[in-house]
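Read through the structure below, which is laid out as structure tokens, and then see the notes.
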Amino acid sequence: MTSHEEIARPPVYESDEAALERAGKKEVLKREWGFFAILMFSTVSVCTWEATSAVFVSAYTNGGPASVVYGFIVAITGNFAIAASFAEMASISPIAGAQYHWTAEHSPPKLRAFLSWAQGWITVIAWQAAIASVYFLCASMTQGLVIFNNPSYVPERWHTTLLMIALGGLAVMGCTVGKALLPFWESLAGSLHVILFFIITVAILITSDKADNRAVWATFVNDGGWPSDGISFCLGFLTPAFSLGGADTIVHMAEETKHAAINIPRAIVASAIINGVCGFVYIVAILYSIVDVEAVLTNGIATGYPIIEVFHQATRNSSAAVAMMCGPILIFFMAGFGGAASAGRLTWAFARDHGLPMSRFLSVITSWNKAPTRALLFNYVVLCLLSLINIGSTVALNALISLTVVAFYASYLLPILLFALRRHSKNRLICFGPWRMPEYLGIISNWVAIVYCTFLVIFLSFPPMLPVTALNMNWTSVVFVAVMGFAIVSWFVRGKGRFVGPIIEVGIPDGSSGEAGEGEDKHGSVTKYD
């Protein structure tokens with residue numbers, strides 16, 4: 001049989017099981033997610049306007065309002081290109097492993113195992129940091145709200161840590177004991193994500209005094225000490241980049257989604273549009289409502305979140321500000337359930353392919369709920385350990401969390417780059433799935449995404465200001481290099497010769513992805529029921 005790199009015949013997806021078999025995997029999970037549920041899951045998992053609430057103030061050091069507004073336009077374009085690229089790859093292989101599986105699928109055979117291994121570790125660690133960041137934001141925003149209501153309260157770092165552990169525990173319970181209700185929960189969360197966006201945005205626009213147009217569209221700030229305004233402007237991209245990250249969330253749920261080869265791509269693209277529009281409108285409304293920047297920045301120091309002062313300044317009412325702030329906290333909490341579920345599937349999938357220590361243990365699907373319960377509990381233990389860092393140093397935890405953005409976009413870069421290069425190869429034609437773009441749009445989307453991801457990986461590793469000190473240092477690059485160093489060392493210690501990339505569990509139908517190629521295993525996997 002011709003190898004899968006040379007096959008270009010369009011696949012016929014008779015069923016979800018057939019689509020999964022084309023990726024070489026057995027159907028072991030229960031498909032409970034319809035299109036609306038997975039669309040709402042995808043929409044709320046990005047938490048664009050909520051994340052904007054948390055981090056928009058960072059732009060007042062680098063870039064200012066102009067950087068945020070125009071940066072959002074660039075970020076929306078870049079993230080839509082990522083979403084479109086992922087949609088095509090997800091339609092070809094709708095599988096929980098996502099990035100590392102696609103990296104193996106589109107890599108040259110000789111590099112397949114190593115690149116897939118490195119990609120798997122980047123993606124797993126990105127998701128560990130992402131889960132920690134969601135619960136840290138949720139916990140610290142709650143703590144900020146307590147400070148706002150009770151100025152005599154003395155915040156302690158261990159308070160935040162305990163709240164992170166409690167919230168993470170509730171999410172794990174929801175993903176295991178309450179797994180059957182998770183599609184309804186995420187549908188409700190996605191609906192509230194859109195509804196609360198309209199309520200809060202309209203309330204701000206109606207009640208607030210308005211800044212002038214120049215303050216929003218033409219105010220540039222370079223208070224970071226950078227000799228170039230261009231560098232300062234680029235560093236202001238943290239807000240939109242952080243707010244729009246997470247395009248891969250629902251792909252890790254592909255093996256539990258009905259008609260995944262169609263519904264996953266549609267949901268990824270639709271949610272990119274929804275969150276892009278909501279995020280841009282929301283940040284413009286916020287910037288227009290800030291008439292006293294100094295008050296926002298000064299009063300925001302006490303709570304840690306200047307957005308509370310923005311709400312207070314806009315409504316002139318403490319109760320209204322508290323009610324508005326409960327919106328992003330609630331959505332972060334609800335979205336955390338989906339994030340935990342997605343990260344659990346990724347951990348399970350990588351263990352299924354022998355990519356993690358304790359792979360046999362972590363790759364078990366528990367029969368009572370048809371879920372990767374052990375992987376979910378493992379991730380919860382990691383969250384608890386990471387949350388303990390906050391007791392010793394919030395700076396250290398923030399350094400780890402800042403890894404989220406860079407690691408996410410690095411995990412997007414490699415599979416899209418390999419996919420784009422394969423598109424240009426005459427000898428390695430692609431067997432596309434049922435969802436795809438016109439060829440010229442697909443190529444443009446791939447290369448826009450590549451440029452955008454490369455740009456973010458470089459500039460989001462810069463420190464926020466000069467001169468650099470231990471307190472203002474951006475430790476992202478240090479942590480990321482350490483993670484990559486660990487992945488490379490572990491490759492030579494336990495990966496090389498043992499990890500062969502995504503393994504084949506079933507025979508692949510003729511005319512689909514081809515026979516097991518170099519670096520693939522035909523002898524089954526460790527996935528099993530207990």
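Using the three backbone atoms N, Cα and C, a Cβ is placed for every residue, glycine included.
Please treat TrEMBL annotations as automatic predictions, because they have not gone through curation.
What TrEMBL records for 33-56 (among others) is transmembrane segment. Sequence-distant neighbours of the transmembrane segment (33-56) (same chain, 6+ residues past either end, Cβ-Cβ under 8 Å): 68, 134, 137, 141, 183-184, 186-194, 197, 200-201, 238-240, 242-247, 249-250, 253, 256-259, 263-264, 266-268, 270-271, 274-276, 278-279, 282-283, 286, 305, 307, 327-328, 331-332, 334-335, 338-339, 342.
Residues or ranges marked as transmembrane segment by TrEMBL: 68-87 (among others).
For 125-148 (among others), the entry in TrEMBL reads transmembrane segment. For the transmembrane segment (125-148), the residues of the chain that approach it from at least six positions outside its boundaries are 47, 51, 54, 155, 159-161, 163-164, 167-168, 246, 302-305, 308, 312, 318, 321-322, 325-326, 328-329, 332-333, 335-336, 339-340, 342-343, 346-347, 379, 382-383, 386-387, 390, 397, 400-401, 403-404, 407-408, 410-411, 483, judged by C-beta separation under 8 angstroms.
For the transmembrane segment (160-182), the list of distant contacts is 32, 131-132, 135-136, 138-140, 142-143, 333, 336-341, 344, 369-371, 373, 376-377, 379-380, 383-384, 387-388, 390-391: same-chain residues at least six beyond its ends, Cβ to Cβ under 8 Å. Marked as transmembrane segment by TrEMBL: 160-182 (among others).
Look at TrEMBL and you will find 188-206 (among others) tagged as transmembrane segment. Here the transmembrane segment (188-206) has Cβ contacts under 8 Å with residues 39-44, 47, 49-50, 274, 278, 281-282, 285-286, 288-289, 311, 314-315, 320, 324, 327, 330-331, 334-335, 337-338 of the same chain, all six or more residues outside its ends.
The transmembrane segment feature in TrEMBL is assigned to 267-291 (among others). Long-range contacts of the transmembrane segment (267-291) within its own chain (CB-CB distance under 8 A, at least 6 residues past either end) are made by residues 35, 38-39, 41-43, 45-46, 48-49, 52-53, 56, 65, 68-69, 72-73, 76, 79-80, 82-84, 86-87, 90, 194, 197, 200-201, 204-205, 208-211, 215-216, 239-240, 243-244, 247, 250-251, 307, 310, 313-314.
What TrEMBL lists as transmembrane segment is 329-351 (among others).
Look at TrEMBL and you will find 371-389 (among others) tagged as transmembrane segment. Within the same chain, residues 29, 128-129, 131-132, 135-136, 160-161, 164-165, 168-169, 172, 175-176, 179, 340-341, 343-345, 347-348, 351, 358, 361-365, 396-397, 400 sit at least 6 positions outside the transmembrane segment (371-389) and bring their C-beta atoms closer than 8 Å to a C-beta of that stretch.
What TrEMBL records for 395-419 (among others) is transmembrane segment.
Within its own chain, the transmembrane segment (440-462) has Cβ neighbours under 8 Å at 74, 77-82, 84-85, 88, 231, 234-235, 237-238, 241, 405-406, 409-410, 412-413, 416-417, 419-420, 423-424, 474, 476-477, 480, counting only residues six or more beyond its boundaries. Sequence annotations record features per position, and here TrEMBL assigns transmembrane segment to 440-462 (among others).
Taken from TrEMBL, the feature transmembrane segment applies to 474-493 (among others). Sequence-distant contacts of the transmembrane segment (474-493), counting only residues of its own chain at least 6 positions beyond either end whose CB sits under 8 Å from a CB of the stretch, comprise 114, 117-118, 121-122, 125, 396, 399-400, 402-403, 405-407, 410, 460-464, 499.
Here TrEMBL flags 511-530 as region 'Disordered'.
Look at TrEMBL and you will find 519-530 tagged as compositional bias 'Basic and acidic residues'.
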Quiz item: Are there residues at least 6 beyond the ends of the transmembrane segment (329-351) whose Cβ is under 8 Å from a Cβ of it, and what are they?
Solution: 41, 44-45, 47, 50, 95-98, 100-101, 120, 123-124, 127-128, 130-131, 134-135, 137-138, 141-142, 145, 167-168, 170-172, 174-175, 182, 185-186, 188-189, 192-193, 196, 249-250, 252-253, 255-256, 358-363, 365, 371-372, 374-376, 378-380, 526
